[in-house]
Amino acid sequence: MSQDLQKEVASRKTFAIISHPDAGKTTITEQLLLFGGVIRSAGTVKGKKSGKFATSDWMEIEKQRGISVTSSVMQFDYNGSRINILDTPGHSDFSEDTYRTLMAVDSAVMVIDAAKGIEAQTLKLFKVCRMRGIPIFTFINKMDRQGKMPLELLAELEEVLGIESYPMNWPIGMGKELAGIYDRYHRVIEQYRSEEDERFLPLGEDGDLKEVHAIQKSLYYDQALEEIMLLDEAGNDFSRERIIAGEQTPVFFGSALTNFGVETFLRTFVDFAPSPSSHESNEGVIEADNPKFSGFIFKIQANMNPAHRDRIAFIRICSGEFERGMNVTLTRTGKSMKLANSTQFMADDRETVNRAVAGDIIGLYDTGNYQIGDTITNGSKKLEFEKLPQFTPELFMRVYAKNVMKQKHFHKGVEQLVQEGAIQLFKTWRTEEYIIGAVGQLQFEVFEHRMRGEYNSEIRMEPIGKKIARWVKEEDADEKLSTARSMLVKDRFDQPLFLFENEFAINWFNDKNPDIELTSLL
């Protein structure tokens, strides 16, 4: 790999933003795009009344409900770095999509609501980041409102998540009393709601302001200085190595809604976030600077442009250089393909991409060739990157087309949304009626909404009273083993499994069939 290409790869910062719903994840994404010069004004995310919607919320249902249910990809340049942001679903029903997204990034930004602290979904996503060993940067949001005390939030981070924290800055007051943040890294105080020329006040060697300023009259100024002294003496030492290893999280305070502390966060993040790292494969570790092009598909999204009914497969480039028109092998099928139609996303615009390098995320127009988890490369034809996680669904519904004359629309919609990973598909063992599986109820709502809006197919869904899926070996697939509390079905790859009513039904099955092994996904 040439030095120029190595330099390009090193400039890539590819990260996901994770949070519990309503912590302000999409708002912070908007502000980052603002600093990247991609959008002129940040949309109000919950803008049902104003009619303004978040740049990263693609789908109609997202706009209506003010939540992200798909992961969007956005790219911009900032201070010599090429930033690739993946905005992930905050809602727990879409955790599978989020988990796959976390396989495609080199670091994560965890957004926490200062009033609520660590919430269930944050904890879940944090654990995946830890499992992958990727660095985690923490942004404690909504400091313009009353919330938990900063020291309490740090203690919660360390106790609940089991990770060292190092505050890069520290708030001076909060809510109505928020006066600014003390930036330990840049040695300045950033004022809240100040004139531009007064925004940053330099600190002296003693840690206090170089010149007397009105902010020192704030009720919370002296308290902030005392807390910083405490952190200097008794807090964790800053360690770049521990950050990269995912063992220490740099903590930033701010307010995404009022755009306070966000640019300071971005500037510091770019300094410390890792460049593209290596990926595990069946042929050993593939380094980002390997000259052969390789990548994997972590997401498929249909109908991003309803006018064109298009389907885009998102690929994380793991090594080498992508050039439009290049020939690659789809290793799952061994098929050779020409990558002629490719795109990149800049907020709500998309543009054809002619070249990209390791660390970049590009979209390939898909006519049905790709599946989530596919590897493409112009190197070894047997290369496969590690498998992407798949969850065992916990809710199941039979699904039918209301209008039998529109079966074609119905089948196309189900097939495409299943390929996208929006829902999981099962079929009854003999009659092959459709049963769909989801991790949470909202997935069914989105499925129904998209079938109607994107595929012109009205559907009927009926609960089947089964909640637990367990796979069996093909030789154990015997319909006689089905009971009122268990049902033999097959998945989309024709692998047999039983759907059980509850744990009691599983225990009963195990007692009766001790030689049959039941397995689950994640």
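Cβ coordinates are placed from backbone N, Cα and C, and glycine is handled just like the others.
Taken from Swiss-Prot, the feature GTP binding site applies to 19-26, 87-91, 141-144. Within 10 Å of the C-beta of MET143 (GTP binding site) there are 25 other C-beta atoms, taking all protein chains into account.
Residues or ranges marked as domain 'tr-type G' in Swiss-Prot: 10-277.
Neighbour counts of Cβ atoms within 10 Å were compared across the binding-site residues SER19, THR88; the minimum falls on SER19. SER19 (GTP binding site) carries a strand DSSP state (E or B).
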